[in-house]
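The block underneath contains the structure these notes are about, expressed in structure tokens.
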Amino acid sequence: QEGSLCAQHCLNNLLQGEYFSPVELSSIAQQLDEEERMRMAEGGVSSEEYRTFLQQQPSVNMDDSGFFSIQVISNALKVWGLELILFNSPEYQRLGIDPINEKSFICNYKEHWFTVRKLGKQWFNLNSLLMGPELISDTYLALFLAQLQQEGYSIFVVKGDLPDCEADQLLQMIRVQQMQRPKLIGEEAAQSRDQRLPRSDVDQAIEVNHPFDGTGMLDEDEENFQRALALSRQEIDMEDEEADLRRAIQLSMQGSRRSELSGSLPQNVPQSSPSSQTDSLSSEELRRRRQAYFEKQQQQLQQQDQTPNLQDKATLSSSTPEPGSGGDMSEEDMLQAAMNMSLESVRNHLNSEEEK
């Protein structure tokens, strides 16, 4: 559709041919304007009504957008012996005619006109805003017209014999089926544009914040994945180390406690089993002893940094232990040996599992 020449398209779709041009319709509109001016002048050219009429827009039957009034359309159809009757007028309603028994309708809402016509044995919506004709079934026609009225359309029944056309002759012999309703002109382009806009905005935002070089997003995903794997492995290693350290401390505490009890208890007093001694140690006790062990290890490292010949002194002190220090060194040695034994047993167990 060009401009707002919907009245021209409405008439040509009704007659199924290029019978009217904008120039011809403008000529009809100008003729109607002149007739109205002459009627207004009959009351006197100096009257207030006549001066008000002249001060209005150049024409009440057309405008610069290509709109034409119902009077222009009605006069144009009179050339073909056709007449327009308002569909919801009392005169027509008294006739009680079923819409499917008519031949065509002209519908108007504000400045838009379109035709609904029967071609062959089927009804079609010939709205020039659609990409093509829309098939309307006989059972849906009355509902379609009623819906248009509810939307504010004025509907006119076209009375008279329409000129013969090729489409009418062809559809008298065959019936058509329409699987999909035709879209409005520009609807498909608007949908594709709406679908592209969000992506365009997102792409623009990404380019502003993180310029895309073809690999940035892939590298970032890979980096996040590798970081997650590293954290997972670290947690597993920490759990395994924590378990090994706990077992080593338990074994060390068992050995130390057995040596202390064996020296202090009489020979005839039965010693407690290792399992009962381990059970008597609470988790808080283990945590405190483990903390003390770590603090001692840290102190030893600091002493090694301050006195490089600490190893020689340690060797000398082992041969001639000072009073009060033998117990501490013996406990540390036993703790280290217990840790080594625990780790060795874990490795042996893992090796046996792999051989299986």
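Counting begins at 1 with the first residue displayed.
Backbone N, Cα and C define each Cβ position, glycine as well.
Here TrEMBL flags C6 as active site, nucleophile. Neighbour count (other Cβ atoms within 10 Å of the Cβ, all protein chains): 22 for C6 (active site, nucleophile).
The feature active site is assigned by TrEMBL to C6 (among others).
All protein chains considered, the CB of H112 (active site, proton acceptor) has 17 other CB atoms within 10 Å. Summarising the annotation, TrEMBL assigns active site, proton acceptor to H112.
The annotation active site is assigned in TrEMBL to H112 (among others).
In sequence order, F114, T115, E134 constitute the residues six or more apart from N127 (active site) in its chain with CB-CB distances below 8 Å. The active site annotation in TrEMBL covers N127 (among others).
Look at TrEMBL and you will find 264-283 (among others) tagged as compositional bias 'Low complexity'.
For 297-306 (among others), the entry in TrEMBL reads compositional bias 'Low complexity'.
Taken from TrEMBL, the feature compositional bias 'Basic and acidic residues' covers 346-356.
If you look up TrEMBL, you'll see 254-356 marked as region 'Disordered'.
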Spatial separation of H112 (active site, proton acceptor) from C6 (active site, nucleophile) - C-alpha basis, Å: 6
